[in-house]
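For 1-185, the entry in TrEMBL reads domain 'CAAX prenyl protease 1 N-terminal'. Under the heading transmembrane segment, TrEMBL lists 37-60, 80-104, 131-149, 155-176, 309-331, 337-362. Taken from TrEMBL, the feature domain 'Peptidase M48' applies to 188-423. Per TrEMBL, region 'Disordered' is recorded for 253-273. Annotation comment: TrEMBL describes His287, His291, Glu367 as Zn(2+) binding site. The active site annotation in TrEMBL covers Glu288. The active site, proton donor annotation in TrEMBL covers Asp371.
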Amino acid sequence: QRRVYRTTTHVPQELGQIMDSETFEKSRLYQLDKSTFSFWSGLYSEMEGTMILLCGGIPFLWNLSGQISGRAGFGPEYEIVQSLIFLLLATLFSAVTGLPWSLYNTFVIEEKHGFNQQTLGFFFKDAIKKFIVTQCILLPVTSLLLYIIKIGGDYFFIYAWLFTLVVSLVLVTIYADYIAPLFDKFIPLPEGELKEQIETMAKSIDFPLTKVYVVEGSKRSSHSNAYFYGFFKNKRIVLFDTLLEDYSALNKEPAEGEDGENEETKSKTKNKKQGCKNEEVLAVLGHELGHWKLGHTVKNIIISQMNSFLCFFLFAVLIGQKELFAAFGFYDTQPTLIGLMIIFQFIFSPYNEVLSFCLTVLSRRFEFQADAFAKELGKAKDLYSALIKLNKDNLGFPVSDWIFSMWHYSHPPLLERLQALKDAKQE
């Protein structure tokens, strides 16, 4: 794929009508930089993980956690307390070692190609907030999971799976209403033509829409997105302001007299973003609602939970194998959290790769089906132009090696999606 980025320097003939040479070159250089960064950050991650294993980093951190919990008055019998300290230290270590890579990606690569809208202060405030929120969720959930495994008896894997199922459903339900607003500002889409059209389209397919929000994604990045969330009869749609030509802050001149964080962010808006017209936004939403109407969301949840149950069942089978713990430096104790880490992170690694590939294939199939659904709504022409605009705005490179594409792309390549829409568009 890197060879494709390096050698494909001219717009292929089949792309001549949809991409100019300047945008093509920008997207090529952006994806080449991202590929280089991905290679080196991935290599570092593998080296770090290998050194931690070879040098006994996991048992060292576990013993350190035991010393800290001991000083706090909790002996070895308080395994859950020690596990939480271990988890806190491990995630803190991961956050610190990953910080330079995150800074480089945001303030060098994304900044270089005109996507970054953050200031350094905003970045660090965001990172600290994200770490705190993560710990507030991770530590209580982990402590309850470990407790369930401890008292669950022979069928603990069933109770553990049910617990994680409930937690995942709760998090999906509350995320957009209570967690996401901690990081981004959500405002109701103002009354007007676009909102009326969205509500009309939702009603036409019996989508139980209750609210439409616009999220100020332009404070963080000029990349664009849209999604829906909610269960049963309480669905909400979220549109990134960068998706909307009429609402994006990146298409507007900074207002005089504004200060604070907004002023800092506006200083970053060097490159205006085109965004999509209302008809194209409706076409993109027609695609997203197609995922709901065709049951893709439910199917993904079912697959995820079937996989989760299988993993907990295999964990129950393997947790009694002392050789697994000994291989990772735990000769005298078999902590439950360490068992979860060894089995889920390392033993299941080959299986996870195969599963990931299968889900990628399924995702691409779902994307074609959602495009076809939007086409049935009469949105083929607008979705066609929206896909071209979104590819241009996000500097997606439309040429790919087929093996790389098959393994990594959860969405079909642009040309394949456009070809599927082309006949309907011409009609």
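Glycine is no exception: its Cβ is also placed from the backbone N, Cα and C atoms.
The list of residues near the transmembrane segment (155-176) in space but at least 6 beyond its ends in sequence, with Cβ under 8 angstroms from a Cβ of it, reads 137, 141, 144-145, 148-149, 186, 213, 229-231, 236, 238, 304-305, 308-309, 312-313, 315-316.
Of all the recorded positions listed here (Glu288, Glu367), it is Glu288 whose C-beta has the fewest other C-beta atoms within 10 angstroms. Glu288 (active site) sits 9 Å from the residue listed as 'active site, proton donor', taking the CA atoms of both as reference points. With respect to their backbone Cα atoms, Asp371 (active site, proton donor) and His287 (Zn(2+) binding site) stand 5 Å from each other. For His291 (Zn(2+) binding site), applying a Cβ distance below 8 Å and a minimum sequence separation of six or more within one chain yields Thr297, Phe366, Ala370. Residues Glu288, Gly290, His296, Phe366, Gln369, Ala370, Asp371, Phe373, Ala374 surround the recorded Zn(2+) site, their Cβ atoms falling within 8 Å of the Cβ centroid of His287, His291, Glu367, which are themselves excluded.
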